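Chemist: Starting off with a structure, shown below.
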Amino acid sequence: MPSMLSLFYLAQSLFLLLLFPLYGHASVLKRGNNDPFYQPPAHWKSKQPGDILRWRKIEPKFIGGDFNVAEAYQLLYRTSQNTPNEPQHTVTTILVPHNAKKDILVVGSVAQDANGQQCTPSAGYTYNSESNFVFWLDETFFLQYLQEGYIMTIPDKEGPKNAFAAGRMEGYMTLDSIRATLNFSKLKLSSNTRIAGYGYSGGAITLGWASSLKPSYAPELNIIGWSFGGTPSNLLGTINHIDGTIFSGLILAGVTGVTDVYPEIHEYIQTVLNSAGREGLEFCRNHCLQEIILRYPLKSIYSYEFQTRGKDVFNNATVQQMFTDLTMGIRPHETPDVPVFMYHAQHDEIVPYDDAHKTAKAWCRNGAQVKFTTYSHYEMGHFTTEITGSVPAFHFIRDLFNGKEVSQGCDFKTEDTLFFNPSVLGGNANEIIDAILGIFGQRIGPEGRILAAKKTVVKGSKSGSSLKSHSHSQTHKHRKDVSTISNA
């Protein structure tokens, strides 16, 4: 019988899913294919990965408040799709805090986990798109890095087709977002800039693949470490884990993603979908995470509701090859070559723990440096582990930037931590709470944090700027973007 705390976690997850569509009637406020910024110029395919095709300065919109970063830019850049031989393009958003360190860059990976164009990080920062509550959470955890003075680059790592679950593509696009950011002369980044990455859940798909592909695809990048948790390292394993659960809509989103970028998968899927299946994929292409989950809970991909082959729907050589290609850790040459910090709840209800643990073990056998923390308490789930693990993940990256050596080899440890027990969290408690409360408004920079009361103005920054913190209803008004568009 579930405990009261287990029921509380379930109620909390459902509350978040139900709450944000109510906030986010701005979810219908789509980016729009007619936005000229997202259209690449002629001959873009002849450019090199990481080459900037276009850029603009933006006034970033933040869902929970106005964070007074010093500058923000968006870059359209050349990248790759499923292989290095398939040209593609996408966008990254750069956030520059006050007194930014010009020799440090952090790539932040958002758990978009959906296929609608309004769900991308760039749409969130440009249009204040509130339709993806996970973006709201990730935005909050990025505060720790910005507060430290780290410049952040946050790619639309699902590409223009918003191909959720196409992990290799996400890895290429993330590595090329780093290249593009380093190429952006306005930042004046040092030639020896050190780089790290942070992400969770869908963001860990991205960084798991970026860390795996970096040695062969982008060996020149001075990446010093990665932190990611709740890692969906095996696509088929994740599908089987959430099939028939309240999170089963994620399966349709993932099928939509790989269908839209793998032509051979698209060809097969079209032969097995029924009308409800085609409708489901089209719904996913136009909506964000919580809308998809609320539309398709407790569904089984192996039933005949969406397709005509039942439990044999994935019993196809092409599909099986794709699942193999999208499993981390099975190819020795795709092993991270810098330290990695991973964390995962043993009882994760969305992403299977065993798959992530197996990937970490495989990487270790091939010479990686992996520090893996298991949160074993039976009350620790996917969302609570994201919060609890965010501070150790940040400390791991900060220690690397501060020159702390990471011991050779791998280290697997278990913590019987319960998030709501402050004595267990110890010193982490205030930092976690501050990071979450920070969403209500603060000046971002290493000189110190100022939490602003709602509807107040805090003045006196070095740059002469001020921080306005709005009430919730004020923050969620759509404001015309003030941006400068330049061709590279």
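Every residue, even glycine, has its Cβ placed from backbone N, Cα and C.
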Chemist: What is the disulfide partner of CYS119 among CYS288, CYS364, as given in Swiss-Prot?
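Modeler: Cross-referencing Swiss-Prot, the cysteine bonded to CYS119 turns out to be CYS288.
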Chemist: With DSSP assignments reduced to helix, strand and coil, which class does ASN183 (N-linked glycosylation site) get?
Modeler: helix
Chemist: Could you round the CA separation between ASN316 (N-linked glycosylation site) and ASP348 (active site) to a whole angstrom and send it over?
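Modeler: Cα of ASN316 (N-linked glycosylation site) to Cα of ASP348 (active site) measures 29 Å after rounding.
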Chemist: Suppose we draw a 10 Å sphere around the Cβ of CYS119 (disulfide bond). How many other Cβ atoms does it contain, all chains included?
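Modeler: Its Cβ shell of radius 10 Å holds 31 other Cβ atoms.
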Chemist: HIS382 (active site): which of the recorded positions CYS119, ASN183, CYS288, ASP348 have a C-alpha within 10 angstroms of it?
Modeler: ASP348
Chemist: In three-state terms from DSSP, label CYS288 (disulfide bond) for me.
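Modeler: Looking at the DSSP assignment, CYS288 (disulfide bond) belongs to neither helix nor strand, so coil.
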Chemist: Looking at the recorded positions CYS119, SER201, CYS288, which has the shortest Cα distance to ASN183 (N-linked glycosylation site)?
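Modeler: So, spelling it out, the nearest of the recorded positions is CYS119.
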